[in-house]
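Trainee: Questions regarding the structure given below will be posed in turn.
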Amino acid sequence: MAIQRMRIQQACSRNRPANREKQKKERETSISVAYEKSTEKEREERREMWEAICMTLMATSGNNIGKVLQKKGTLVLPPLSFKLKVIRAYVFNKMWITGFLMDMSGAGLMLMALSQAPVSVIQPVAGCGLAILSVFSHFYLKEVLNELDWVGITLAGVGTIGVGVGGEEQNITEISLMKIPWLVISIVLLFALLNTWLHMYKKQRHEHEQTNSDVTEEIILGLESGILFGISSVISKMGFVLSDKSFLMVPLAIGISVICSAGGFVYQTRGLKHGRAIVVSTCTSVASIITGVVVGMIALGEKMPSGRIGRLFLMTGWFLIIFGVILLVSSAKIISLLPRSMRKKMRSNIEMSHNIRRTGSIRAKDATSPSTIVNASTLHQLLSSATKEKA
């Protein structure tokens, strides 16, 4: 018995290293499988993020370019009304109907992008619409951009890449409904405060018999329109998150989103009617980006990226997009404040570029009339005037 026990112990001692080696291999295999799965999941999430960013860029391009094409189409059309003859004239106008379809397609793509990525990623990228519109105007409408316009376009493009690299896919399954009433109350109080401030300035201007709009009025109306545009994106995203609880949440959220967007257009039109497009447009763009990010984090529970590098890329991207948009809409004003020597140099570069483009168009026997030198801020006024007609 003692001999058998010793043999069993010897056999067990021989098998222990083999068992340990086997267990070690199994652990390594399970770790490698888990790593491959997590890596594959990260790649899939990253792919969806970039798809959403590309859809956002296409959406904002369709919205902005579509409005310009609609504006150009309306130059030969009667004022829009519900008369059958007028509606037919609009439908059969190629320029207007192309712009309208691009605008509607952009709205659909924006909803698809919001269903795939956080608002804190989508809303800043949507602010690049003016940069894309400027590039479109340069190559298609033959308009010449100044150096600051190109700097703004470059900053917005680099910022978009930064947002894409730093942004993370977030699986939001539940929304804290307790935060929403407080958020609504805060927004209502903010609008009440801004409108009270606006009423005071209007009253003061009326007492002093001033006809020109005050910069404060332009800023307030721009902020109000931007806040509503940002909230519109958050509500659309909220509908997709709550779609698991009820399918009716999606159309309900989209309906409320459309109402918020319409309100934003009304405030923007009021600001553009008497104010300067540079101030109103800048405040609208910046306010919509900041509102989308902040409200998205509060209402939807969106979080900053977990890694330091991701946070750095995302925040740098936000800053570059905001700064690029501000530079685009205020480039003409900034140039007017530069020293005379720098202004002359920039003007000569613009004229040289314009002459080269005119020569090229003549050689190509272009039937269209030569274009005028229009900077991005003037182009944005054209876009804004299309918004006025819609509102």
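Backbone N, Cα and C atoms are what each Cβ position is placed from, and that goes for glycine too.
Where the annotation comes from TrEMBL, it is an automatic prediction and has not been curated.
These came from TrEMBL, pasted as-is:
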COMPBIAS  18-29  compositional bias 'Basic and acidic residues'
REGION    1-42  region 'Disordered'
TRANSMEM  95-115  transmembrane segment
TRANSMEM  121-141  transmembrane segment
TRANSMEM  148-167  transmembrane segment
TRANSMEM  179-198  transmembrane segment
TRANSMEM  219-240  transmembrane segment
TRANSMEM  246-266  transmembrane segment
TRANSMEM  278-300  transmembrane segment
TRANSMEM  312-338  transmembrane segment
Trainee: Near the transmembrane segment (121-141), which same-chain residues lie under 8 Å Cβ to Cβ, leaving out any that are not at least 6 residues past its ends?
Mentor: 49, 52-53, 56-57, 59-61, 63-65, 68, 110, 113-114, 149, 152-153, 156-157, 159-160, 163-164, 167, 230, 233, 237, 281, 285, 288-289, 291-293, 296, 314, 317-318, 321-322, 324-325, 328-329, 371, 374, 376, 379-380, 383
Trainee: Which of 95-115, 148-167, 219-240, 246-266, 312-338 has the most Cβ pairs closer than 8 Å to the transmembrane segment (179-198)?
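Mentor: By Cβ pairs under 8 Å, 219-240 leads among 95-115, 148-167, 219-240, 246-266, 312-338.
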Trainee: Return yes if the transmembrane segment (278-300) and the transmembrane segment (95-115) have at least 3 CB pairs under 8 Å (sequence gap of 6 or more), otherwise no.
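Mentor: As far as Cβ distances go (cut-off 8 Å, pairs 6 or more apart), the transmembrane segment (278-300) and the transmembrane segment (95-115) do not touch.
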Trainee: Restricting to CB pairs under 8 Å, which listed stretch, 95-115, 246-266, 312-338, is in contact most with the transmembrane segment (219-240)?
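Mentor: Per the Cβ count, the answer is 246-266.
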